[in-house]
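Contents: one structure, followed by commentary.
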């Protein structure tokens, strides 16, 4: 039935199911419905709907919301946004339900009771590091719809994004003075970046003309009514914890230039023209000066006349002037943006006004050396024309003629180093200036100077020390100063002071009495202690004193002798004959020891040069011979003791002559030669012997052996009957010694034997005082012709035979019996 009727209307069909579709209802009307069950017995009671039902399109729960997004995440909050469902189920959305689930848990939990109809919500109070996922559902009059798709897992942590910067301006910006300009852009970053504006590295601050506006996404710097001082390099910095970005813009605020800088200088003035110059403006207006505009005005008139507007130089010729008239000049600077205020000159009369330069003032002479000097002067008045050259002249003080020091121009400097002076000569100098008109008068002459190197006092002597002392003297030694002050060191002054006194006494009165670097201070008192100091002296004066480091007690000191042997005093010293023998040693001891050289405990040869100095001794023998060899000794002795060293000297020479030359076994074609080695082998082993022979009729010796190491030789190939002389010499590595020669010639013949006895001796006649004897030849003659027969007689009973005579024939009469 309709809600406003009481009558029930049956539905046209019977149903056996537990549901039914009622058709033919009118939209917008409200109805009640009732249902009864029926069986074969009959119909049961009705059950009625409790509320009226309004007929309209069917209503459902909304669809799921769309585009659920995470907009921001921090360590304790998450911001979410979403869009409404595509279909609200036929009824307006009454609220949204936002749910979250902690990752690792199963259930979703409702986040808030808010209705969240603006579809944005920030979940706060989260725990840093936890991870959640979210979903959202829409509700209408019917109920809660399906949830949206879940977000990705979201971990609670501060979200980081490096800054970005998007600028609306270029690298360069040109602005006219008085105009406004702004620098804008966009930026982003997480966490929200800090925006800073700089101009030429200085932070820009807001004032009446400067405005800074910054939103979470945009930035802007604006300047009203710009001035030239706004020119500069502007920088915007966008910075957060992850980094920074910078943008730059070179802003050039341009204007017309400031006036040229005065005063206007009249470089040249003539009767019909002038040349003027000026300086560029201090401020070019931010744009290069394109040209200058020059005008002139006769001071008797009010009219400015143009000269030129095309010059870019800061100098200009002003032509077409009338002689005697006074003129003013005005100058404008021009750039792309306008013309400056003018620079106006003083009045200047058009007339010739030039002459030669004035004479310079008296020059000053500096840095004098033995061959040069530097002349310095001040620039004189140039006579109206620029000085183009200076002329420097010199002369010896006693001379009358001035000489130019150089033909080359001297300009623009006002000093000149004059070369080629003669050492020791005295010079004066003067200077003249020259311009295009001519040469001016010379300056007054300088003060005379001598050409010599400047001399300063020397530096102190180096390392003074006491090297020796006695009971009344001290020997001092030192080294020359490092710097002699460019002057020759004349000598040294030595001073001493008794310890405890204040006064220093001079050991020598004049420096030239001690030209060397040592001095013996005498006249001191034994047992006292003194201090010493030394000064160096040159022509400029005395140096500061150099002190002996420690005070010295005056007394004799004894040191036993000490020998420091040189290499030539080794145990054995070999020297080649003819060379020089040198033996030397360093000797120490106080007092200095007595030095004695000996050879084999005897005095050394008079040919030996013996030298004794304060530090050692040397023995030298020139042109040594073998006899100079032997045992040499050096003895040093003082009251504190003595010391002796010895060295064996071997003079290496040629050997002596062989001994006992003997010739034996003479034959008609050979003989046997023997000898003994020389007494002196020259200090070196005999290497060989040389054997020579000579025919007595010849002057030429002939070698028959030159390499024999034996002391004998068989001389062969002799000519029978020829007489020969023989000689032998020994050789070692230093040469061949003298020959030993046979005393008598040796004849090359076979050896002779005595003849045999005569045969058949008998008498042929006898008288009272004589006997006639005859005999026959012997059987053998002994190898040579028999030259005679010796006749002897013996008285019967006697022991002795008496020689009678030698006869050539085979008979003899013995008389005198």
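Just so it is clear, glycine is given a Cβ too, placed from its N, Cα and C backbone atoms.
All TrEMBL annotations are machine predictions without curation.
TrEMBL annotations:
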DOMAIN    1-58  domain 'Fibronectin type-III'
DOMAIN    64-159  domain 'Fibronectin type-III'
DOMAIN    163-252  domain 'Ig-like'
DOMAIN    259-353  domain 'Fibronectin type-III'
DOMAIN    359-454  domain 'Fibronectin type-III'
DOMAIN    460-557  domain 'Fibronectin type-III'
DOMAIN    561-646  domain 'Ig-like'
DOMAIN    657-751  domain 'Fibronectin type-III'
DOMAIN    757-817  domain 'Fibronectin type-III'
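Mean pLDDT, taken over the domain 'Fibronectin type-III' (1-58), works out to 85 on the 0 to 100 scale.
Helix, strand and coil content of the domain 'Fibronectin type-III' (657-751), in residues and according to DSSP, is 0 helix, 47 strand, 48 coil. Residue counts for the domain 'Ig-like' (163-252) under DSSP, split into helix (H, G, I), strand (E, B) and coil, are 3 helix, 58 strand, 29 coil. For the domain 'Fibronectin type-III' (757-817), the number of residues in each DSSP class (helix H, G, I; strand E, B; coil) is 0 helix, 29 strand, 32 coil. Counting residue by residue with DSSP, the domain 'Fibronectin type-III' (359-454) contains 0 helix, 34 strand, 62 coil.
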